[in-house]
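J.: Pulled these features from TrEMBL for this protein:
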type	residues	note
BINDING	D:Asp29, D:Asp76	Mg(2+) 2 binding site
BINDING	D:Asp29, D:Gly30, D:Arg31, D:Ser32, D:Phe33, D:His34, D:Ser75, D:Asp76	GTP binding site
BINDING	D:Asp29, D:Gly30, D:Asp76	Mg(2+) 1 binding site
DOMAIN	D:6-135	domain 'tRNAHis guanylyltransferase catalytic'
DOMAIN	D:138-245	domain 'Thg1 C-terminal'
4 protein chains.
Amino acid sequence: MANSKYEYVKSFETLDKLLPNVWIVVRVDGRSFHKFTQKHEYQKPNDERGIQLMNRCAFEVCQEFTDIVIAFGESDEYSFVLGRSCNLFERRESKISSSIVSYFTSQFVYRWREYFNDYPLRYPPTFDSRAVCYPSNENLRDYLSWRQADTHINNLYNTCFWTLVLKGNKTPAEAEAALCGTLAEQKNEILFTQFQINYNNLPQMYRKGSVIYRKLVEESYLDQKSNQQKSKFKKRLVIEHIDIISDKFWKENPSLLNDK
Amino acid sequence: MANSKYEYVKSFETLDKLLPNVWIVVRVDGRSFHKFTQKHEYQKPNDERGIQLMNRCAFEVCQEFTDIVIAFGESDEYSFVLGRSCNLFERRESKISSSIVSYFTSQFVYRWREYFNDYPLRYPPTFDSRAVCYPSNENLRDYLSWRQADTHINNLYNTCFWTLVLKGNKTPAEAEAALCGTLAEQKNEILFTQFQINYNNLPQMYRKGSVIYRKLVEESYLDQKSNQQKSKFKKRLVIEHIDIISDKFWKENPSLLNDK
Amino acid sequence: MANSKYEYVKSFETLDKLLPNVWIVVRVDGRSFHKFTQKHEYQKPNDERGIQLMNRCAFEVCQEFTDIVIAFGESDEYSFVLGRSCNLFERRESKISSSIVSYFTSQFVYRWREYFNDYPLRYPPTFDSRAVCYPSNENLRDYLSWRQADTHINNLYNTCFWTLVLKGNKTPAEAEAALCGTLAEQKNEILFTQFQINYNNLPQMYRKGSVIYRKLVEESYLDQKSNQQKSKFKKRLVIEHIDIISDKFWKENPSLLNDK
Amino acid sequence: MANSKYEYVKSFETLDKLLPNVWIVVRVDGRSFHKFTQKHEYQKPNDERGIQLMNRCAFEVCQEFTDIVIAFGESDEYSFVLGRSCNLFERRESKISSSIVSYFTSQFVYRWREYFNDYPLRYPPTFDSRAVCYPSNENLRDYLSWRQADTHINNLYNTCFWTLVLKGNKTPAEAEAALCGTLAEQKNEILFTQFQINYNNLPQMYRKGSVIYRKLVEESYLDQKSNQQKSKFKKRLVIEHIDIISDKFWKENPSLLNDK
């Protein structure tokens, strides 16, 4: 059974190399997660276990694919940023994008019990992914700002909505009507006046999303030669819930955008 | 925090619609499965549990994505064929390819215990995926023939190799040397003469791989009106280990290539 | 001056191979030809010299690029069809598309005087081009039918419009208003009743557009051995103004769709 | 004759938008220009008329497509650089690339007589084109340096080769053999010692190629109000034969890379 006469079908494969010297963002998104969170009784507006699990999966992805410079997650999505000079899988789009979404999903199912304990995973979830290229550092920062601003907008809305429903005894339709057309300020006001909730005091993880990156941290160690305590700087993968829209974060971590 | 000034970043996304009216093959491949099967002590040359798990995952993928017309699997890979007229995710390549690989992976981890029982999944596996277009029915059949011929070639080799190692007390290097340059006929001869193994009597699942498709089957039912046993034809998703290179299979299942 | 340190820039080029085994249509379109035809005082609704020049350019393109199976032209556009098995420039899209549009343009300027005599070419025209893939014979025929039906619709409209303006003493705005919402039948009626023009008697070149293809024709020759008149079949590139929507043309020229 | 049932074929067209915020280089190349220059008896190693015609065509292209920031030409090729923020044809690759190559070709044929006088254009030439994206200013400069370094290398070789043939009475094969493996220095030496030619005194147009860009120039004018001679800065499209590899050019023309 010779294979040679069929091998021509390989020539139908396309070479999908991404442009060199641009940032690559792979965004992983939960498919039908509205249904998934309902079936698994996620707490509203935010389920800490669910978010921690997402963060853990993303953390493991960043451990595995060391070309990832920074990742940002909120709700059921995570964006992974690969550096301009990254040559993972020779920058083949489908390889990069599919490997990341597969490993993320794999981790999600594998670690479900670590975060949900006895609560069973009723069915295996699906994520999709896509790769997008951003040429300049400004474009990349704007992309990340876009996602973090989105986190803020969604979370403020969801917090109001679910507070009105769960504590204000409104129906979903009533809550939706009450929020229709309101500005951020007004939503803050509703939370504060009606429910004594200061939105800015809620956990940053919900308000800012999660940032995973390799941080330069000082670590002390025992120098065996001199038998003295010394320190050196090392890159450590960390998860933080901080503002990445303003310049502060980027000034404190200049190496991120230098792509080294 | 207005989002509008960042939204321009969406314009960097590309529209990756696949050409209409061509067959779409999404091939899912295990990443570093050589290591994975070693770490999980897969039996050689074929681990029945491992193959059954792969088949189950693919079966579930076919259940979930009903645009899949036929799927073929061997070893750590599975090819899913979507019809010419399929409009899943508006034929967006990344959506289709990533959703399938994610759900496949999700099933793999989710159902591990069903097939490996107490044998623990030591770490979560990764698969990658890619989509390839095939214009004509002939091209598609040649693609599937290519994979099935590959199954035969690999399995015959692996069967010989592992028999020489496990039963013939050869080292891997010796087994490799013994097989170097041998034709199929000679490999069959080695198995038969030295080990009394008739290769053609080995399970078809190993020799032919696995085919999943929607088969027209006759099913009997009790007609409540007449209280009589009647029968009707229904499409049922089945897994078979049969030859799909020759015409027989395609003549018996003419609707597959008609894409309806 | 070493070049090697700059050569990495070649890696930014993308490989734009078109899918094998599909029809490739390269459509060449005049850019700003409304202005071009005005500046060069083209006769309305059809300028025979202008169309003959377009046809000649297309004919030369078909002579030069022998992979072209059939071409269809109307107004300021021409579609060139390359066969499924065509391997011109290894099916690189930009090479194919740019070479055809460049040669077409080159011919247009080069042969202007042959068709417009002393009427000067006031400025060099521009055409653009794009390649589109069509998988099945039916898709290709539908593409060509689309262009020929478009020819009919446009030409009937233009014939009415310009007859109303040139012979009916209407202003362009009045002519447009008179035709607004009319069906084909009504346009025929206007031409016939008001101007005694039977649309179907107008030259086929205007009504059907132009088809260029390699036709199997019988040619007689003197056989030198026997000194007798004999005949043989040869493929000759011809221009015809005939219906290619109905089956007749394709039945008479079965080799076109067989792509050999 | 309804067109609607065929219009689905439009959906087979792909959207080929180039990534935003990257430099776009469209390179136009003569097809089979070795033969073309022979048939038209171009002088060797450089035909001034031929190069001036190429430059004129490129100049007209830059006049017509004002998004072009800079262009560089040598031999039978020209590279046109469109700015990062350019939105010509909504950045559709095929539109941009085909329009430029078509207009370039059109100019070539149209203006042939201006440069070759009575020497007839024996047949219409063809150029091809392709678009390549460069993300950073450094990448773009490296691209242009690559082309200019190539100009130097080719021209030095060709000058030596043709001097050996035309003045040194060598056959082409002998000239080739004499130059095989020689370094730049040695080629300079051959020209100087054997033929008293100082390569660096040859016209810059041959040694450096041609650069077309919008230069900020001071122009004097009569101010009608004050009746005094005044001056102001204007951007003028110029052709120069200067070094664009070193920083000098870019420092003197900082606006080029600022893409405004």
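Including glycine, each Cβ sits where the backbone N, Cα and C put it.
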J.: On a count of neighbouring CB atoms within 10 A, which of the binding-site residues D:Ser32, D:Ser75 is highest?
T.: D:Ser75
J.: DSSP three-state call for D:Gly30 (GTP binding site): helix, strand or coil?
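T.: Looking at the DSSP assignment, D:Gly30 (GTP binding site) belongs to a strand.
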J.: So around the GTP site, D:Asp29, D:Gly30, D:Arg31, D:Ser32, D:Phe33, D:His34, D:Ser75, D:Asp76 aside, which residues have their CB within 8 A of the centroid of those CB atoms?
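T.: Everything else in range on the chain: D:Phe36, D:Thr37, D:Glu77, D:Phe127.
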J.: Applying a 10 Å Cβ distance cut-off over all chains shown, what neighbour count does D:His34 (GTP binding site) have?
T.: 9
J.: Mind checking how the domain 'Thg1 C-terminal' (D:138-245) divides into helix, strand and coil residues in DSSP?
T.: 57 helix, 27 strand, 24 coil
J.: Suppose we draw a 10 Å sphere around the Cβ of D:Arg31 (GTP binding site). How many other Cβ atoms does it contain, all chains included?
T.: 16
J.: Against chain C, with Cβ pairs under 8 Å, which of the binding-site residues D:Gly30, D:Arg31, D:Ser32, D:Phe33, D:His34, D:Ser75 show up? Give them in sequence order, please.
T.: D:Arg31
J.: When you measure from the Cβ of D:Gly30 (GTP binding site), how many other Cβ atoms are you left with inside 10 Å?
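T.: The answer is 21.
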J.: Have a look around D:Asp76 (Mg(2+) 2 binding site) and count the other CB atoms within 10 A of its CB, chains all included.
T.: 20
J.: Do you know the DSSP helix, strand and coil residue counts for the domain 'tRNAHis guanylyltransferase catalytic' (D:6-135)?
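T.: Taking the domain 'tRNAHis guanylyltransferase catalytic' (D:6-135) as a whole: 59 helix, 31 strand, 40 coil.
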J.: Other than its own, how many Cβ atoms are within 10 Å of the Cβ belonging to D:Phe33 (GTP binding site)?
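T.: Cβ-Cβ neighbours of D:Phe33 (GTP binding site) within 10 Å number 18.
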